[in-house]
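Taken from TrEMBL, the feature NADP(+) binding site applies to ILE10, GLY11, ALA12, GLY13, ASN14, MET15. Annotation comment: TrEMBL describes ASN58 as NADPH binding site. Marked as domain 'Pyrroline-5-carboxylate reductase catalytic N-terminal' by TrEMBL: 7-102. Annotation source TrEMBL lists domain 'Pyrroline-5-carboxylate reductase dimerisation' at 166-270.
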Amino acid sequence: MANTRNIAFIGAGNMPQSIIGGMVRGGYPASAIYASNPSRPKLDTLAQKHGIHTSQDNLEVVKQADVIVLSVKPQLMADVCAHLREHVSDLADKLVITIAAGIRIEKYHQYLGDNVRIVRVMPNTPSLVGEGVSGLAADPQVTQDDKDFVTEVFDYVGKTIWVKDEDGIDVLGAVAGSGPAYFFEFMAGLQQVAEELGFSSEDARAMVQQTALGAAQMASQSDLSLVELRKQVTSKGGSTAKGIEAYQAAGLDDISARAVKAAVARNQEMAKLF
Ligand SMILES: NC(=O)c1ccc[n+]([C@@H]2O[C@H](COP(=O)([O-])OP(=O)(O)OC[C@H]3O[C@@H](n4cnc5c(N)ncnc54)[C@H](OP(=O)(O)O)[C@@H]3O)[C@@H](O)[C@H]2O)c1
């Protein structure tokens, strides 16, 4: 573990619950983790399951923290930050991490002050099962030590990728953030055809799901490129080659490019809402 800092999550919804769970399982001391939320039930679960500190008062946990993780819905962010700015005099001494979608770092400086160190993180939904990808972007005031700390926190729920500017967050969001939906769409198509060709829904789903998992595991254990891996399982003149030919004829790569570019454009549009 790089270093332990007191870390406070503002908002105790699904994503922070997963991050906290990953941190505690990974050996981060529960006594250094705080969470606040307006209603009690999620806090009680977190306290019982992981032994962290909880409060219904954001200011109470922020007072104890070296690091604040803003984990409320984007539409609540301005109000939550205004409240912190009004009541917390030493915000500039703390590192602020935000996981809210769509709000740029520049906005947080407007909400919290120019001298506050901000890291923006875009985790994706598989973080909920410890297999996430998080894109991270920092403002120039953030130190290397801060970056190492944030990397460690999000490594607890998957892999971390630092982007060089926030446009990279829009792209990462369109690939990794939206990606699970693309894979589910593709997998649902394979399941459907397996059913049409005679398999029960249960068996069709199992074969698709396990194949996706197996392919992802093979890719993560191999140094070969994805194209090479594909070639390795495609014998010339065989049935897989015929299947791949059909995908290529339909322009699968072009479809992926169009999907990602459409999602990037939407991310850019949504950033303008804040
Ligand atoms: N889930 C994902 O896959 C994902 C992925 C990327 C980014 N994110 C971002 O992560 C953030 C949280 O998402 P989530 O899925 O965890 O949302 P969520 O499950 O809806 O949780 C939001 C939490 O914020 C609490 N809250 C409301 N007002 C608050 C306030 N004034 N102060 C403190 N807490 C307050 C809510 O409490 P009550 O229930 O008591 O109202 C709720 O527990 C969002 O900004 C989202 O954009 C999520």
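First residue shown is number 1, and so on along the chain.
Yeah, the Cβs are placed from backbone N, Cα and C, and that goes for glycine too.
Nearest neighbour of the residue listed as 'NADPH binding site' by Cα distance, taken over the binding-site residues ILE10, GLY11, ALA12, MET15: ILE10.
Helix first, then strand, then coil: DSSP counts for the domain 'Pyrroline-5-carboxylate reductase catalytic N-terminal' (7-102) stand at 49 helix, 19 strand, 28 coil.
Around the Cβ of ASN14 (NADP(+) binding site), the same chain contributes LEU128, each under 8 angstroms and 6 or more positions distant in sequence. Between the binding-site residues ILE10, MET15, ILE10 has the most other Cβ atoms inside 10 Å of its own Cβ, all protein chains included. One way to see the shell of the NADP(+) site is to take the Cβ centroid of ILE10, GLY11, ALA12, GLY13, ASN14, MET15; the remaining same-chain residues with a Cβ within 8 Å of it are PHE9, PRO16, GLN17, ALA35, ASN37, LYS42, SER71, VAL72. Per DSSP, the secondary structure of the domain 'Pyrroline-5-carboxylate reductase dimerisation' (166-270) breaks down as 88 helix, 0 strand, 17 coil. Regional average pLDDT for the domain 'Pyrroline-5-carboxylate reductase catalytic N-terminal' (7-102) in the model is 97.
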